[in-house]
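Participant: According to TrEMBL, the record shows the following:
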TRANSMEM  36-57  transmembrane segment
TRANSMEM  84-106  transmembrane segment
TRANSMEM  118-139  transmembrane segment
TRANSMEM  159-179  transmembrane segment
TRANSMEM  191-211  transmembrane segment
TRANSMEM  223-244  transmembrane segment
TRANSMEM  304-328  transmembrane segment
TRANSMEM  349-368  transmembrane segment
TRANSMEM  388-411  transmembrane segment
TRANSMEM  423-442  transmembrane segment
């Protein structure tokens, strides 16, 4: 209990300027009813939701087409993507942390700091992407052994990883760029980029996996080539938009050689908790994938199917979360803490409604989605049971994602977000899941329930935090 009490208190020693409230909070927060707010919400959320749907369709194409090759191919590609998943969360964390600053600077109408922050995070993500590419090229088999003991899965996964890892640096650039654009309320170009990537990925998947139009059937390697080409398309669109079409930030190549020590310190201070949060969450998820891999190839295949449905059902969640981060951060940047508090209260209750919708979508798709895949009967049986668990978990994901990724990060409260995520995942879900799997030897479906325990725990912590105003912080200078 003392741990939770310490978690809910936010230490301040050694912090740079963080104004919790720059003007008095008058009364309790109110549910926002103004039409202009909801117009801004939809203008931000709908393109992000569209973008997430396109990303979902891209991943679904991979899963469906590789599913035609059997459990081994699907499992191999799923596990081979774990290093990229960790890198993706790192870039998302760095971009999201930077967006806490850039959204507030956008509220102040100051674009110069935004340009400098963007170029700094691009340099970091590209460098990390290059390093991870080198590691993945040198020791792909050893990386695959972390997640599965199956020699067939290791062999196929290593061949996938050798090709797909080339895209890491390009993805780091485009991901950082599009995340920053979202914080300044420019979202449509990211959707266009993802649609182009979907067309490229889907077309090349069909041609290269199955050997159409005179090309050889490359199987898993064909899927990797298709994914690599899709990431390159996203990168090229980002560069072209940056150089010729962007009217807000007006970036040029020389901006990528600029450096501001004070902004760098601010970025480190704000982004570090978010980056650690996302990377540790990704590592925890990879640990869970490793756990499932030890339970058998069929359970990993089932998890791949369930993950696709969960991603489809939660696209609205992360659209709302992204809009919350921008709108709350912008209000703080404008100096209107009362408005920011009202918006946080409104998004908190909107997340409950979205969670109910997510629950219904997953339940409705349960039978259709499982029967859609050409996998073994055992994998389908696991997926059918896991889908029921995921429908309940989907509700909790809505509340925690909007609360942490949207409200708390938008309010500048990144340290509490880190503490809540780490406690729920590493102190609760991961150890309990491993204990029930390898000590108590529970059935896989019950172990899967334990894996998902972090979501309801995060819900409790986030709602307690949002009862006050300590999450409201002006982190600009």
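Cβ from N, Cα, C; glycine included.
Keep in mind that TrEMBL annotations are predicted by a computer and have not been checked by a curator.
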Participant: Using Cβ atoms and a strict cutoff of less than 8 Å, what residues sit near the transmembrane segment (349-368) while being 6 or more residues removed from its termini?
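Facilitator: Cβ under 8 Å, 6 or more out: 31, 309-310, 312-314, 316-317, 320, 384, 387-388, 390-392, 394-399, 401-403, 406.
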Participant: Quick check: do the transmembrane segment (304-328) and the transmembrane segment (423-442) share at least 3 Cβ pairs under 8 Å, counting only pairs 6+ apart in sequence?
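Facilitator: Touching, no - the transmembrane segment (304-328) and the transmembrane segment (423-442) miss the threshold of 3 or more Cβ pairs under 8 Å.
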Participant: How about the transmembrane segment (191-211) with the transmembrane segment (36-57) - do they touch, taking at least 3 C-beta pairs under 8 Å (6 or more apart in sequence) as contact?
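Facilitator: Per Cβ check, the transmembrane segment (191-211) touches the transmembrane segment (36-57).
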Participant: Is the transmembrane segment (159-179) packed against any residues at least 6 beyond its ends, judged by a Cβ distance under 8 Å, and which are they?
Facilitator: 76-77, 80-81, 83-84, 87-88, 91-92, 94-96, 98-99, 118, 121-122, 125-126, 128-130, 132-133, 136-137, 140, 143-144, 189-190, 193, 220-221, 223-225, 227-228, 231-232, 234-235, 237-239, 242
Participant: Going along the chain, which residues at least six beyond the ends of the transmembrane segment (388-411) come within the CB cut-off of under 8 Å?
Facilitator: 96-97, 99-100, 103, 274, 306, 309-310, 313-314, 317-318, 320-329, 332, 340, 344, 347-348, 350-352, 354-356, 358-359, 361-363, 366, 417, 420-421, 445, 448-449, 452, 455-456, 458-459, 462-463, 465-466, 471-473
Participant: Which range wins on Cβ pairs under 8 Å with the transmembrane segment (118-139): 36-57, 84-106, 223-244, 423-442?
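Facilitator: Against the transmembrane segment (118-139), the leading stretch is 84-106.
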